[in-house]
Amino acid sequence: MRSNSLQIFCGRPVPGNKMQFLGGNRRKLRLADDQRNACYPHSLQFYLQPPSGNISLIEFENLAIDRVKLLKAVENLGVSYVKGSEQYQSKLEAELRKLKFSYRENLEDEYEPRRRDHISHFILRLAYCQSEELRRWFIQQEMDLLRFRFSILPKDKIQSFLKDSHLQFEAISDEDKTLREQDIMASSHSLGGVQLELESVYKIPFADALDLFRGRKVYLENGFAYVPLKDIVAIILNEFRTKLSKALALTARSLPAVQSDERLQPLLNHLSHSYTGQDYSTQGNVGKVSLDQIDSLSTKSFPPCMRQLHKALRENHHLRHGGRMQYGLFLKGIGLTLEQALQFWKQEFIRGKMDPDKFDKGYSYNIRHSFGKEGKRTDYTPYSCLKIILTNPPSQGDYHGCPFRHSDPELLRQKLQAYKIPPSGISQILDLVKGTHYHVACQKFFEMTHNVDDCGFSLSHPNQFFFESQRILSGGKDFKKESVQPETPQSKLSVQRSKDASSALASLNSSLEMDLEGLEELLQ
């Protein structure tokens, strides 16, 4: 019979069937303060060593989800704001604080946030090493996160961080700096009017500064580049990208060993495109939206994907299965009851000359099924943006999907014009679409149609669009305030997974433990 403990060995394998630490000690060590600080001396790192110790599978999953939330916030903020700007910095710091990850030096009791940061990074390596597209996304977000953390690292901590990261970059003395002042100032454009005596300068092997050399932005002498602090971040990020890229390639080769475990395999496979936001299946506002309101709400508060489906349904009196599922679950999420849904769809289909008996026999079952009243009694949840973007793309004659992802650019431009988006706004949205930032493009659409400069949230769900719209239109009051319950530690995780993932993880409990001892072979 299969054991409930997960075995992952790295470094020197431990013989035998039972999970053991090297040395045979399985208890969690209670580290003294100085030992804890030595584990994670800085708020940022290059993740050169994999974690070791015990961790419950529940914590494993929660850390992975929180890291995905963080990296998606990094992506959203990087598109919405200028990286390094005051707004960008403050909002990213708020996200790190909210998710309890490390971000600043000299804070009290930083061991746990830094431990969470360390372990969660390596978990996501397993999930995001599986394709070139996933690797590129993961590396970019981790680089942006490192850039932010380095930007707020105190100057007196930089040298020790470089040393701990195995970077042979050494700050030169004031005497050496004065000796080369004119050459450095003439070569380093980033200094501008900065007084060199106020700026640290690092002596770096020439091979590590090739990008600056190509752009003629650095002073060279005897095989070394003399790089001001303002320019060194680009070199650090390049080193980080190179190391992480190699590590992900090595992890991908070892992935079959991890995927053979049926408890981890579903989580890792679906984590990269899981929805990690609010659960909109809660029906606290059931029956508080009338059928008479839908036409009006569609033009005021529906996201473009649902507005498109509603328009097609009214014009054609029919939607194919993909459209009925996407739109039907959205309507369910904003408050339509089963009885209202049956009446709504039946009235519309009959207008299309469908016989009422045919509707009752061919379509009402599927509606009842989506409300959990037929079949396996599964109460289906509204589709998230990720699910709409990544699954079941529309074919000819379909109206479901994401207009920003699945529409021809010229057709999208025409739709935006019909929605009275100004030309400058259309250009901004199309630029975001070109960069594949579809959910951010929809968020920009929200801001323009509601006359707000900053909506104050990261859009990830059509029902979120609706409720936030109603909140603004009602003067800041939440629409049917009981409709969306706040997340609590006891609330169920809102990650949408396949049935395999759900069944595999449902049996987990906090007493199950996996060992992270020596993840070196898989994660280096």
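From the backbone N, Cα and C atoms, a Cβ is placed for every residue, glycine too.
Look at TrEMBL and you will find 296-466 tagged as domain 'DNA primase large subunit C-terminal'. Taken from TrEMBL, the feature [4Fe-4S] cluster binding site applies to CYS305, CYS385, CYS402, CYS442. Residues annotated as region 'Disordered' in TrEMBL: 479-498. Here TrEMBL flags 485-496 as compositional bias 'Polar residues'.
Residues PRO303, PRO304, ILE388, ILE389, PRO403, PHE404, ARG405, TYR438, HIS439, PRO462 surround the recorded [4Fe-4S] cluster site, their Cβ atoms falling within 8 Å of the Cβ centroid of CYS305, CYS385, CYS402, CYS442, which are themselves excluded. Long-range neighbours of CYS385 ([4Fe-4S] cluster binding site) (same chain, six or more residues apart, CB within less than 8 Å of its CB): TYR275, CYS402, TYR438, HIS439, CYS442, LEU459, SER460, HIS461, PRO462. The Cβ of CYS305 ([4Fe-4S] cluster binding site) lies under 8 Å from the Cβ of GLN326, ILE388, HIS400, GLY401, CYS402, PRO403, PRO462, each of these being in the same chain and 6 or more residues away along the sequence. Neighbours of CYS402 ([4Fe-4S] cluster binding site), defined as other CB atoms within 10 A of its CB across all chains, total 26.
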